[in-house]
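Working notes for the structure below.
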Amino acid sequence: MVGVLVRLKLRVLRNSLRGRQIAGMIVGGVFGLLAAALTIGIAVFPVPQARITVDLLTSVYAVWAAGWILAPIATGGGDDTLRPEHFSLLPIPRRRLAVGLLAASFVGVTALVSFLAFAGLIAYGVRLGVGAVFVGLVFTVLQLAFVVLLYRVVIAALGALLTSRKGKELGIVLVALTGLSGVGVNYAVNKIGPAIVNGQVPGFVNVMHILPSGWGTVAVHAAGEGAWGTVGGLFAAMVGLLAVLIAAWGALLARQVTTPSFQGASRTRAKAEGRRVRRGLLPLTPVGAVARKELHTWWRDARRRVALLSTLLIGVVVTVVPALSGGHSLLLPYFGVVVVLFACLQSGNLYGMDGSALWHTLVVPGAERADVRGRQLAWLLLVAPLGLVLTALLPGLLGRTSAYPWLFGLLPATLGAGAGLLMLQSVFLAFPLPDQRRSGSPWSSGGRPGCARVLLMFATMLLLLVGALPVVALCLAGLFTHLPVLQWLGVPAGIATGIGLAWWWGAIAQRRLATHGPELLALVRKER
């Protein structure tokens, strides 16, 4: 089974990778190799005290383990080339399937780069003797298996929690706490690293030694000192932990394959008056009907909830975390604009999320305009209020009132550009996603490499920055000439730019949907 699944994944990757995916894989691989080289450098660089290398390596490997969990949440997907649902009709025991899929998980750039990083244990063992080299080789494989299994178990568990209507609130809280761990990472980079070298944080270092991610480093160091009892104990503990993770993942696979993730919409009673009030907020037109449908979908679809939550988390990490960590707070007043920016980046695959439901639009003559404009309106109704509140309050609360001309110009420009770019991504750069009724995880991305999505985010960000250029130009001109009126002229310029880009890019998306609708449907229904 292991060989069959590994060959199957290799064949699928060979036949499915195309230009954007290959480019993203190459770029991600290059950055991963740089991080792995830095890790190996820590292992081989001679230091006055042996404990410094041990302390640094255990901390770095903890970051690698955290990255395996946080990266799929940040990029909206992971490695779903082979999904358990593909084998739901085959009489394969769950543990055998779990082991086979685990072996297939080692096929890919991410696992290869991680293996090179964990090979730092071998490099560290070279400094300590032949026995330490052998221990480093064994724990390199064990540590890689640990992070891959940990990633599989955590993502599957959170996915099962988020797709349950009753567990939705708890799942959102757990994901928020996971995402906000970026606060700790940022603090560790700025403060903990030098303190580890100077021996000022013994408590933190002890925790890093106790975590499973640090067992390999501790075992290699123990082998160098001849403490083979410690090596044997750590080896037994790691093997036992891997067995527990395999059993847990097998149970989660069984649930994912046998339990339908689609539980149906929750039934609630609402007063007729309340329904009339909600409907009165939107026009009684086809555009209003699409917008109303989209608002309901944003609330009920686990994938879209994750996208919205990721928007807030990334905004917090980019703007709030540096201020809380004792660094600069220049971006903090721009929190609202950053939220709008990342809301566009995280939401740009609407037709991929809908999948085969796109045919409802295609069979109605002339429905493309209402569909595009309704989706734009719904997105604006979700994002604009939060962005406006943050933009209006934060500069005043922080005493940065000079940022108001910039913010009131940038906010409408990015809102309009984001609404237009949202639809351009959805029609030109759509990619299929697994059916939520058969896939238990809202992070399931249909095998799309996360690095390719990161590249797409950067390209989208560049287009959004183009939309903000008129506002930035006017504000800079007013700043250098000491004419505040020029800065405030950025506000109407931002409003005009936002309206123009939303209308123009939306019209392009509308024409694309009308002329290439069947091709788009064929693309987004591949995973259905």
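Even glycines carry a Cβ here, placed using N, Cα and C.
What TrEMBL says about this protein:
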{"type": "TRANSMEM", "residues": "21-44", "note": "transmembrane segment"}
{"type": "TRANSMEM", "residues": "56-76", "note": "transmembrane segment"}
{"type": "TRANSMEM", "residues": "97-126", "note": "transmembrane segment"}
{"type": "TRANSMEM", "residues": "132-158", "note": "transmembrane segment"}
{"type": "TRANSMEM", "residues": "170-189", "note": "transmembrane segment"}
{"type": "TRANSMEM", "residues": "234-254", "note": "transmembrane segment"}
{"type": "TRANSMEM", "residues": "306-325", "note": "transmembrane segment"}
{"type": "TRANSMEM", "residues": "331-351", "note": "transmembrane segment"}
{"type": "TRANSMEM", "residues": "377-398", "note": "transmembrane segment"}
{"type": "TRANSMEM", "residues": "404-433", "note": "transmembrane segment"}
{"type": "TRANSMEM", "residues": "454-479", "note": "transmembrane segment"}
{"type": "TRANSMEM", "residues": "485-505", "note": "transmembrane segment"}
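Long-range contacts of the transmembrane segment (234-254) within the same chain: residues 84, 94-95, 97-99, 101-102, 138-139, 142, 145-146, 149-150, 152-153, 156-157, 160, 212, 215-216, 218-219, 222, each at least 6 residues beyond the stretch ends and with a Cβ under 8 Å from a Cβ of the stretch. Ranking 21-44, 97-126, 132-158, 331-351, 454-479 by CB pairs under 8 A with the transmembrane segment (404-433) puts 331-351 at the top. Long-range contacts of the transmembrane segment (485-505) within the same chain: residues 376, 405-406, 408-417, 419-421, 423-424, 467-468, 470-472, 474-475, 477-479, each at least 6 residues beyond the stretch ends and with a Cβ under 8 Å from a Cβ of the stretch. Contact count against the transmembrane segment (331-351) (Cβ pairs under 8 Å) is highest for 454-479, out of 56-76, 132-158, 454-479.
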